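Some features that TrEMBL has for this protein:
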- 26-37: compositional bias 'Polar residues' (COMPBIAS)
- 96-507: domain 'Amino acid transporter transmembrane' (DOMAIN)
- 1-44: region 'Disordered' (REGION)
- 116-140: transmembrane segment (TRANSMEM)
- 175-198: transmembrane segment (TRANSMEM)
- 245-266: transmembrane segment (TRANSMEM)
- 286-304: transmembrane segment (TRANSMEM)
- 335-356: transmembrane segment (TRANSMEM)
- 376-400: transmembrane segment (TRANSMEM)
- 421-442: transmembrane segment (TRANSMEM)
- 448-470: transmembrane segment (TRANSMEM)
- 482-507: transmembrane segment (TRANSMEM)
Amino acid sequence: MEERAETELISIPATPRETTPEILTPSGQRSPRTLGSSKEAKSWTPTSFISPRFLSPIGTPMKKVLGNMKSYLEEVGHLTKLNPQDAWLPITESRNGNAHYAAFHNLNAGVGFQALVLPVAFSFLGWSWGIIGLTIAYVWQLYTLWILVQLHEAVPGKRYNRYVELAEAAFGKRLGAWLALFPTVYLSAGTATALILIGGETMKLFFQIVCGPHCSSNPLTTVEWYLVFTSLCIVLSQLPNLNSIAGLSLVGAVTAITYTTMSWLLSVSQQRPPTISYEPISSPSATASLFSVLNALGIIAYAFRGHNLVLEIQATMPSTFKHPAHVKMWRGAKIAYVLIAFCVFPIAIGGFWAYGNLMPSGGMLSALFAFHIQDIPRGLLAMTFLLVVFNCLSSFQIYSMPAFDSFEAGYTSRTNRPCSIWVRSGFRIFFGFVSFFIGVALPFLSSLAGLLGGLTLPVTFAYPCFMWVLIKKPTKYSFNWYFNWILGWLGIAFSLAFSFGGIWSMVTNGLKLKFFKPN
């Protein structure tokens, strides 16, 4: 009996190593080989054969030996076979992350300039529907965040380190790439471009506030401020990997919490405009009203970003069967999203209370500059704008990391060697200046919150529900099965509706060429 047990102990762990390796495609993408069956993949663990039924006929000394072996396998026997190329790429190069890093990264990615335009959505929705829409969006995105955290290691022996990898595993390689590539690329590169526009414009306003009437006769133009901000972003982007920017993410998180809090506190502490009204902005026709509401809901959807980075953040953590990465990731994410709620709800409610339907299209900072430039002490106003600059610099780094990772994945897959420091720096300089030129060519990009919220909504609200059903395979026609299918298709329907609303708003109101519109 002891010889038979030892034979099983030696032979059985070899199977999962052979059934769940990663393979590298010529394009540099990583995808798992097909498993034998989803049921086997779901039920097997390296220590599942060491069960009470297996140990029952064995003597006490052998039980102790096998029990110690089980503990060893649980502690250090993580059978995830990592792709060697992952050790060369910025997202997976360092795997010493923890719950604190996860909280910093999620806060930095999840709250930012998009929260400043939430009162604009309330001006079209009013009190009731604004609060209801914001609450539903918050709870919904928190559920899909939990799904992504759980799916990171849904298949034993495989870690889905990137959003596109998980989409390919769920929908198939071609369809998954087609569905996930555009929204995730926009949420990375497009957000980086919007951050350059907002950061550069905020630096210009900060300079005007601090300098006042003593400014030189030839101040920098807006484009030159974009260039200054881009140069600062490129300098900070030389940090090698996602874990190395944890300090910057902490700075981004602290500054985002501070300036969102300051903006609504400064607003509610001042006298409200005499002509303020809390009635939703009226439109000339029922169709116009409908599209205005859809555009406003798209602004709310755009306020909850960062799901395209969840798997990437979790990939920076070590993981064993006894201490899986999803436990630490979820602990950090819960802390982050509690703080995000304390940012987005007060700024939306407080901003709408202070300005009502007089809220400028640029959001809270535009309102502060337009209504209270003479009332608020110049130092407080300047500090608020400076905090926005710091937050944009920090957010640029985490949102650019997937683009850096893609560049280096293409290089390492062709050369079969890691990027040198000069190649890595070259990629990041190239990306920074490409984002700058796109921002100069499309300066209205940051004002399309409703349209962009609709286009990228599936990444946050729809795709995770579909991926849960396709990978976890809940019992057909069960509550879990119905709930996720319905939620996913609702997300797709809302995405189409919000996109149409954003396009209608853009066409009827014209492209707003500036995020801030000071008097």
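Glycine too: its Cβ is placed from the backbone N, Cα and C atoms.
Two recorded stretches are said to be in contact when at least 3 C-beta pairs lie under 8 angstroms, sequence spacing 6 or more; the transmembrane segment (175-198) and the transmembrane segment (286-304) fall short of this definition.
Taking every listed stretch (116-140, 245-266, 376-400, 482-507) in turn, the largest tally of C-beta pairs under 8 A with the transmembrane segment (448-470) is reached by 482-507. Here the transmembrane segment (482-507) has long-range neighbours at 140, 143, 288, 290-298, 301, 448-455, 457-458, 461-463, 465-466, 468-469, 474, meaning same-chain residues at least 6 beyond its ends whose C-beta is under 8 angstroms from one of its own. Highlighted: of the candidate stretches 116-140, 245-266, 286-304, 335-356, 245-266 has the greatest count of Cβ pairs under 8 Å to the transmembrane segment (376-400).
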